[in-house]
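Each remark here refers to the structure printed beneath this line.
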Number of protein chains: 2
Amino acid sequence: MATYVYDFAEGNKDLKDLLGGKGANLAEMTRMGLPVPPGFTITTEACRAYLRTGSVPAGLFAEVQEHLHLVEARMQKNLGDPRDPLLLSVRSGGKFSMPGMMETILDIGLTDSSVVGLAAQSGDERFAWDSYRRLIQMFGRTVFGVPGEEFESELAAVRAGAGAASDAELPVAQLQDLVQAYKKVFHAHTGRDFPQAPHEQLFLAITSVFQSWNAERAVLYRRQERIPQDLGTAVNVMAMVFGNRGPDSGTGVAFTRDPATGRRGAYGDYLSNAQGEDVVAGIRNTVGLHELAKLDPPSYRQLLSVMERLEQRYRDLCDIEFTIERGKLWMLQTRVGKRTAAAAFVIAAQLVDEGTITLDEALQRVSGEQLAQLMFPSFDTSAAPTPLTTGVPASPGAAVGAIVFDSAHAAAADRPVILVRPETNPDDLPGMIAAQGILTSRGGKTSHAAVVARGMGKTCVCGADELRIDLATETVTVNGTVLHAGDVLSLDGTTGRVYLGAVPVHPSPVVRYFEGELAPANDPLLAAVQRLMTHADHVRRLGVHANADTGADAARARRFGASGVGLCRTEHMFLGERRELVERLIVADDDTERDAALTALLPLQRADFVELFEAMDGLPVTVRLIDPPLHEFLPALEDLTARVARAEALGLDPGHDAVLLAAVRRMHEANPMLGLRGVRLGLVIPGLFAMQVRAIAEAAALRVAAGGDPRPEIMVPLVGAVQELETVRTEAESVLHSIDGIPRIRIGTMIEVPRAALTAGEIAHAAEFFSFGTNDLTQMTWGFSRDDVEGAFFGRYLALGIFAASPFETIDSGGVGELVRIAVERGRAARPDLTVGVCGEHGGDPASVRFFHRAGLDYVSCSPFRVPVARLEAGRAACTAATSDSR
Amino acid sequence: MATYVYDFAEGNKDLKDLLGGKGANLAEMTRMGLPVPPGFTITTEACRAYLRTGSVPAGLFAEVQEHLHLVEARMQKNLGDPRDPLLLSVRSGGKFSMPGMMETILDIGLTDSSVVGLAAQSGDERFAWDSYRRLIQMFGRTVFGVPGEEFESELAAVRAGAGAASDAELPVAQLQDLVQAYKKVFHAHTGRDFPQAPHEQLFLAITSVFQSWNAERAVLYRRQERIPQDLGTAVNVMAMVFGNRGPDSGTGVAFTRDPATGRRGAYGDYLSNAQGEDVVAGIRNTVGLHELAKLDPPSYRQLLSVMERLEQRYRDLCDIEFTIERGKLWMLQTRVGKRTAAAAFVIAAQLVDEGTITLDEALQRVSGEQLAQLMFPSFDTSAAPTPLTTGVPASPGAAVGAIVFDSAHAAAADRPVILVRPETNPDDLPGMIAAQGILTSRGGKTSHAAVVARGMGKTCVCGADELRIDLATETVTVNGTVLHAGDVLSLDGTTGRVYLGAVPVHPSPVVRYFEGELAPANDPLLAAVQRLMTHADHVRRLGVHANADTGADAARARRFGASGVGLCRTEHMFLGERRELVERLIVADDDTERDAALTALLPLQRADFVELFEAMDGLPVTVRLIDPPLHEFLPALEDLTARVARAEALGLDPGHDAVLLAAVRRMHEANPMLGLRGVRLGLVIPGLFAMQVRAIAEAAALRVAAGGDPRPEIMVPLVGAVQELETVRTEAESVLHSIDGIPRIRIGTMIEVPRAALTAGEIAHAAEFFSFGTNDLTQMTWGFSRDDVEGAFFGRYLALGIFAASPFETIDSGGVGELVRIAVERGRAARPDLTVGVCGEHGGDPASVRFFHRAGLDYVSCSPFRVPVARLEAGRAACTAATSDSR
């Protein structure tokens with residue numbers, strides 16, 4: 001027969017699959033000889049058996065009974081003893097912590113008779129009866145599903161009757177009445193009496209934890225987080241200990257180092273003569289842990305010693321919960337503790353200094369997400385401004401601007417603005433683009449505003465429900481303050497805080513360090529960042545390039561550690577004043593006009609490339625030939641249509657608008673994303689690609705003549721068939737052959753159309769390198785356009801758990817990633833020395849960088865700002881076999 | 001040393017790879033003992049060696065010399081003999097026949113001295129000198145690239161000087177002058193004299209054939225036809241024989257059966273006292289082959305006997321070229337002959353009757369393309385109307401309508417129209433959609449008009465260059481006749497003929513047979529079709545279903561042999577009067593309004609399904625839930641914008657247009673193809689899918705109650721992730737459980753998003769069947785939208801050879817097909833009893849049907865009209881190991 005119950009002394013911290021996280025850590029502490037209240041863990045296997053069959057596996061309760069006897073023996077108390085009852089807590093605890101499951105039932109074992117014993121033993125009748133009424137309430141609600149508000153209304157009635165302002169003021173007699181009232185509520189809803197057999201309470205609670213695995217919210221959470229639905233939860237049963245037995249008792253939480261800064265030394269809060277829930281309820285203020293040194297020096301010393309041993313055992317910052325009952329210290333929980341991004345870097349470096357972990361391990365203790373957080377600007381809160389209100393921190397960053405209430409005003413504003421809306425919808429997109437930040441009063445992290453803002457990298461606080469926004473009067477009222485359009489707000493997208501007025505923005509010191517403006521000496525954070533980045537660069541196999549279109553961008557990327565430009569988008573060189581030339585190119589009626597426009601563009605493009613090659617001298621610069629459809633350079637069809645219709649209705653001559661409208665109509669496409677763009681343009685518009693190739697080659701020749709070392713590469717976008725690439729290559733090579741004094745220029749292709757990935761074996765015959773364009777590849781593999789769907793249904797998809805993350809933020813390894821694997825394998829099989837990189841936005845996303853490492857790419861390319869993040873994650877990926885995203 | 005030269009007696013018809021098609025057939029005839037002039041074939045291997053190294057392989061010319069001696073011995077004449085010279089022909093001949101290569105040089109061996117011998121021997125001095133000047137001209141042009149017009153202008157000058165109306169009237173003296181003039185042209189261009197050594201003529205001609213393999217047009221043709229570029233061509237060298245040696249000589253072509261109707265018995269044309277090129281030049285009229293029976297009975301009998309033996313050997317219709325020289329019959333060429341579609345069916349059935357081939361083989365002798373041709377309506381030409389003009393037959397069918405010159409008139413017309421344009425561009429799309437047929441004066445089979453019309457299945461004749469179209473005066477002039485808008489034309493898209501007036505359209509007898517209106521008895525074509533279709537149905541493994549949205553369509557499909565409906569598009573049920581309900585659904589501000597619209601739609605959808613299930617009683621009907629974006633049911637953004645702008649400019653109230661415009665704007669998408677549609681709609685709009693599922697189930701219940709056997713299946717469109725399908729399945733199952741008296745209804749999904757194919761293993765866990773939507777799958781795998789690109793660049797892509805065929809007509813087996821294979825493999829691995837079909841338009845395309853057979857699908861579904869084509873091709877695919885599209 002299977003063993004379904006483990007005494008705490010039987011397990012250890014590595015048995016998380018079987019005992020859950022909480023149970024494994026309790027077992028580890030018990031094995032270490034630390035003072036853990038006696039108890040046992042019912043395994044996840046028992047839960048799985050229950051879920052499979054619908055009934056508790058045979059022998060489980062007998063096993064529980066046996067282990068209970070051991071607990072009773074060690075505590076020298078018996079469950080349900082009317083004189084001095086043993087009380088138990090029952091807690092769920094899966095491998096991964098998970099909201100939506102039943103968390104805890106305390107004080108199991110209280111009955112009509114044992115409550116009297118507890119009162120006598122504790123000397124606190126009020127405490128005993130209050131504990132009993134709480135048990136009935138918690139048990140009724142979580143085990144039998146009695147609606148919580150029914151208990152609440154009884155409580156309110158008793159409180160009103162007693163004239164008590166709070167529960168804490170209720171005298172014993174009223175608490176006893178309340179127990180009777182609660183028992184009636186319980187009976188009315190369940191058709192049975194509140195169980196007076198303590199064992200029955202225990203067994204029902206255990207079964208109920210099993211069932212809560214399939215609670216709707218838990219199922220949805222697992223679907224969203226991609227946690228398997230069949231793991232099951234463990235159940236921890238532990239003897240209750242009490243911190244509210246007098247001044248020599250108390251309860252606290254502590255960290256082995258400061259989780260905010262990483263500073264060495266124990267850090268925590270203590271509340272004497274209180275239970276854990278009192279800390280949460282905030283009835284009294286806690287004191288710092290050092291106060292315990294004065295109150296109870298032996299316990300304090302013991303606690304410090306326990307914490308030191310836990311750090312050594314876990315080789316990391318631990319957080320703990322503890323209780324002191326009449327001078328005796330009890331450890332209730334421990335785990336590797338959460339920490340801020342800054343602390344993560346500092347602690348990792350410290351642990352290396354202390355000889356506890358290696359540099360490889362230290363890299364696993366920090367993440368690209370944390371580094372990215374450290375690179376956002378933040379508000380200078382040294383003046384300690386008071387937040388006006390706080391909402392959901394939906395998209396990080398610090399934004400300051402004047403309030404506007406709609407898109408039109410946002411787009412027209414001549415100073416920075418904050419778009420304030422009850423919620424956003426696709427109509428608000430222009431305003432969101434124009435604004436510094438977005439503030440809404442409704443919706444959470446998957447609302448339209450949140451999803452779109454994160455996609456844009458724009459600061460957003462949403463669901464700030466204290467705001468009352470009146471669009472008609474253009475006012476927003478918050479706790480009595482009335483704000484108008486034009487009033488200045490500051491939004492902290494990292495904390496969700498909203499400030500009135502302009503809070504000074506504080507540039508990130510980590511960015512200033514990367515820029516070479518700050519030295520790491522004497523700054524523990526910068527020193528830690530320097531140390532870990534150096535190690536990441538040392539171990540990583542992936543190269544990190546940057547997406548940059550100008551010399552300035554390229555220079556910045558180089559300072560941030562990029563070893564090349566992986567994507568230069570040439571169409572950005574067609575904007576501004578040059579737009580007029582593009583218009584000429586498009587409306588050209590014949591070859592002569594078109595050639596004239598191309599000839600005029602040539603020297604402009606060439607000058608751009610000279611600047612770029614100079615900034616990246618000695619490093620590769622991959623130039624993508626023009627990609628977007630040409631009509632993107634013309635006014636929008638809808639605007640032109642309205643202008644011409646208006647003019648005609650008034651009998652006016654629409655003039656040049658009519659000419660433009662004809663061109664726009666001719667080039668109009670129902671789905672421009674899937675239209676005449678990329679290599680198709682190059683094959684249809686004579687001379688366009690040749691002009692670009694000439695500009696690249698002539699710029700390289702100029703740099704060579706100036707003593708430089710330009711290393712351009714030519715990249716053809718949107719290729720789906722090798723025949724397209726062959727045709728462009730033939731034309732490009734003939735241009736290159738005609739220009740003297742240039743280095744060898746490699747020609748390769750984007751892999752951004754699913755067909756290119758599928759036929760990579762053929763395409764590699766004509767390509768010296770591949771660069772995955774994972775934005776387009778994601779759009780085409782899923783069949784949705786980012787512009788259209790992020791707002792329309794991504795929120796709903798995230799809420800339904802169809803996406804774990806937006807596939808535009810983190811690469812969809814199962815679908816898009818499968819095409820990446822296929823293309824790498826087939827491409828390299830056909831051309832073993834093929835260089836393979838990625839230049840979509842995923843190149844700077846931590847989980848995606850790890851994926852690209854595993855897929856065997858040679859480099860990632862990302863925006864200059866993300867280069868350090870990619871370097872760090874490339875290092876992390878290289879020095880771990882099992883990366884953390886394997887789930 | 002390799003053998004590079006094969007005497008005709010050494011090869012056979014199966015050596016096409018080595019000897020080319022022409023050489024293998026000459027060898028076969030020689031081996032059969034038929035009277036073939038002596039000769040030999042230089043292998044494709046020799047050509048490949050030449051192309052690889054740039055020089056003729058060692059020993060080749062020595063081998064040629066040896067084989068030449070054999071020819072001289074057999075002919076008892078020597079090459080270059082000044083008294084009685086042997087003359088040779090040199091012809092290219094690859095495995096596949098191919099335009100753009102050098103075809104033929106005749107009369108090799110004529111020199112200044114041997115021309116005299118030829119004159120003496122033939123007794124025709126004019127003939128000898130004319131042959132010599134033709135040799136210089138042909139040799140100069142094809143071997144040395146001397147521009148043809150230089151020879152032509154000399155000829156014209158001589159003709160003018162002699163006052164001759166045609167070349168045939170030139171006297172000997174002028175021909176001799178011409179030879180001198182030609183030799184001067186030759187020298188001026190080549191810097192050398194015309195070769196007087198006959199062997200040099202031969203060797204140069206052979207080398208020149210090798211080189212012509214890489215002629216630009218040949219390379220492009222091979223790229224377009226996906227013929228490997230490295231096959232090389234063979235070269236056939238044969239003794240010349242002459243049909244112009246007097247009344248006992250002549251030349252002819254013949255077929256072993258009538259290639260037009262398939263009627264048994266030799267069939268051909270004969271011209272006495274003439275050479276082959278005279279037949280082509282049309283100088284005199286040929287006579288029927290039976291005339292030869294009177295002119296030369298022994299040769300006629302011998303010819304019939306040869307033809308009978310060839311048919312037995314090739315087991316098929318053969319065509320031949322022959323010459324009779326002074327009463328002696330010579331066979332110059334044979335091959336399996338081309339035939340009309342009708343003849344193909346009749347001959348295949350005859351050969352089975354005659355015991356020559358099996359029914360399996362007979363299926364390989366016909367094709368779905370041929371069957372499709374037989375199913376087009378045709379013009380009743382019994383009144384023998386004279387075509388007005390003839391253009392390129394770009395898209396088959398018969399169209400009758402009044403001339404219109406632009407889209408606006410086409411769309412506004414209240415009677416059938418023919419759109420007449422010099423050429424078309426995307427602006428003309430609305431007109432092309434509205435018209436019965438399209439006629440252009442410019443462009444070939446890859447022009448915009450041709451590509452788009454074929455895509456629409458619309459009749460099109462293009463490049464009718466005798467038309468002079470004047471759009472300003474709205475007239476079209478053709479050979480003096482002036483036509484105006486409104487004049488009626490008839491277009492035959494199969495022949496390219498254009499008739500003035502309405503030619504009666506003749507429905508296809510094959511269609512009438514499928515419809516049950518004609519019996520096959522006494523009609524050889526219908527009997528043959530019946531016999532081959534019966535066999536195809538007997539052997540095929542693939543099921544054939546139809547795409548049908550109405551009871552009438554379904555009934556027709558059933559008559560055409562469909563065994564189910566593979567695709568019912570429910571959105572078609574939202575059109576017409578119901579559009580108003582859809583508008584209400586879309587502009588609904590709250591759940592109540594939306595539910596009201598859905599409730600009103602329910603009975604309408606249900607009634608449609610009842611009709612459909614009745615028509616397909618006992619057979620599966622796969623119903624696809626709504627797929628297109630809802631704004632497709634609203635007016636176009638551009639139209640509404642213009643209307644509202646116009647009203648506002650005039651100070652009028654735009655009324656309901658303003659409400660609609662707001663809704664359209666809200667739902668506007670930059671790329672609707674990649675937007676909120678398919679399963680996404682179902683997950684975002686509450687109740688929409690549930691209403692459709694309810695309508696299906698209630699309709700099934702009604703049919704069951706009426707004693708029917710409805711077999712609906714529910715298909716979810718645009719799924720990309722299993723989580724989408726699971727969510728819809730849960731909702732659908734709860735609706736189905738709530739309805740009594742329905743059969744079990746399977747739930748499956750379209751596979752039309754690349755990600756669905758890649759993750760088919762996961763999706764199969766939630767899908768009981770897959771149906772490939774190869775239209776969308778093609779769009780997303782290639783990353784282009786059919787609407788946008790067919791006109792914009794498909795023509796150019798076909799011309800450049802990037803496409804062999806439009807991937808929307810024939811499935812792209814390398815790219816899209818790869819996803820099909822991946823999905824079938826992964827889907828079946830996860831769910832072995834998974835049903836897999838296809839419902840895109842490819843389901844009715846012959847080459848695609850064969851692909852789907854090989855990919856292991858269970859069925860194809862296509863438009864009712866294509867059902868017989870799919871049945872035939874499914875049969876052909878099943879009974880052949882190596883199908884004809886393996887190239």
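Using the three backbone atoms N, Cα and C, a Cβ is placed for every residue, glycine included.
Worth saying up front: this structure is predicted, and the values here are computed from it rather than measured.
Quick look at what TrEMBL lists:
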| type | residues | note |
| --- | --- | --- |
| DOMAIN | A:17-56 | domain 'Pyruvate phosphate dikinase AMP/ATP-binding' |
| DOMAIN | A:62-285 | domain 'Pyruvate phosphate dikinase AMP/ATP-binding' |
| DOMAIN | A:415-496 | domain 'PEP-utilising enzyme mobile' |
| ACT_SITE | A:HIS448 | active site, tele-phosphohistidine intermediate |
| DOMAIN | A:528-876 | domain 'PEP-utilising enzyme C-terminal' |
| BINDING | A:ARG569, A:ARG624, A:GLU752, A:GLY773, A:THR774, A:ASN775, A:ASP776 | substrate binding site |
| BINDING | A:GLU752, A:ASP776 | Mg(2+) binding site |
| ACT_SITE | A:CYS839 | active site, proton donor |
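Features recorded in TrEMBL, as mapped to the structure shown.
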residue	record	DSSP class
A:HIS448	active site, tele-phosphohistidine intermediate	helix
A:ARG569	substrate binding site	strand
A:ARG624	substrate binding site	strand
A:GLU752	substrate binding site	coil
A:GLY773	substrate binding site	coil
A:CYS839	active site, proton donor	coil
In terms of Cβ proximity below 8 Å, which recorded positions out of A:ARG569, A:ARG624, A:GLY773, A:THR774, A:ASN775, A:CYS839 neighbour chain B? none
Cβ-centroid neighbours of substrate site A:ARG569, A:ARG624, A:GLU752, A:GLY773, A:THR774, A:ASN775, A:ASP776, 8 Å, sequence order: A:LEU567, A:ASP627, A:PRO717, A:MET750, A:SER771, A:PHE772, A:LEU777, A:CYS839, A:GLY840
Applying a 10 Å Cβ distance cut-off over all chains shown, what neighbour count does A:GLU752 (substrate binding site) have? 27
Taking residues 6+ outside the domain 'Pyruvate phosphate dikinase AMP/ATP-binding' (A:17-56), which of them lie with a CB under 8 Å of any CB in it? 2-11, 64, 67-68, 70-71, 74-75, 88, 91-97, 203, 206-207, 209-210, 213-214, 230-241, 302, 306, 309-310, 313, 328-335
Greatest Cα separation in angstrom, residues A:ARG569, A:ARG624, A:GLU752, A:GLY773, A:THR774, A:ASN775, A:ASP776 binding substrate per the record, works out to 15
Based on Cα distances to A:CYS839 (active site, proton donor), point out the closest of the binding-site residues A:ARG569, A:GLU752, A:GLY773, A:ASP776. A:GLY773
Taking the Cβ of A:ARG569 (substrate binding site) as the centre, count every other Cβ atom within 10 Å, in any protein chain shown. 18
As a whole number of Å, the Cα atom of A:ARG624 (substrate binding site) is distant from the Cα atom of A:HIS448 (active site, tele-phosphohistidine intermediate) by 33
Calculate the distance in Å between the alpha carbons (Cα) of the residue listed as 'active site, tele-phosphohistidine intermediate' and A:GLU752 (substrate binding site), and round it to a whole number. 27
Which numbers of helix, strand and coil residues does DSSP report for the domain 'PEP-utilising enzyme mobile' (A:415-496)? 18 helix, 30 strand, 34 coil
Which is it, of A:THR774, A:ASN775: the one of these binding-site residues whose Cβ has the most other Cβ atoms within 10 Å? A:THR774
Who sits close to A:ASP776 (substrate binding site): which same-chain residues at least 6 apart have their Cβ under 8 Å from its Cβ? A:MET673, A:LEU718, A:MET750, A:GLU752, A:VAL753, A:GLY840
Taking the Cβ of the residue listed as 'active site, proton donor' as centre, how many other Cβ atoms lie within 10 Å? 28
Whole-number mean pLDDT, the domain 'Pyruvate phosphate dikinase AMP/ATP-binding' (A:17-56), equals 96
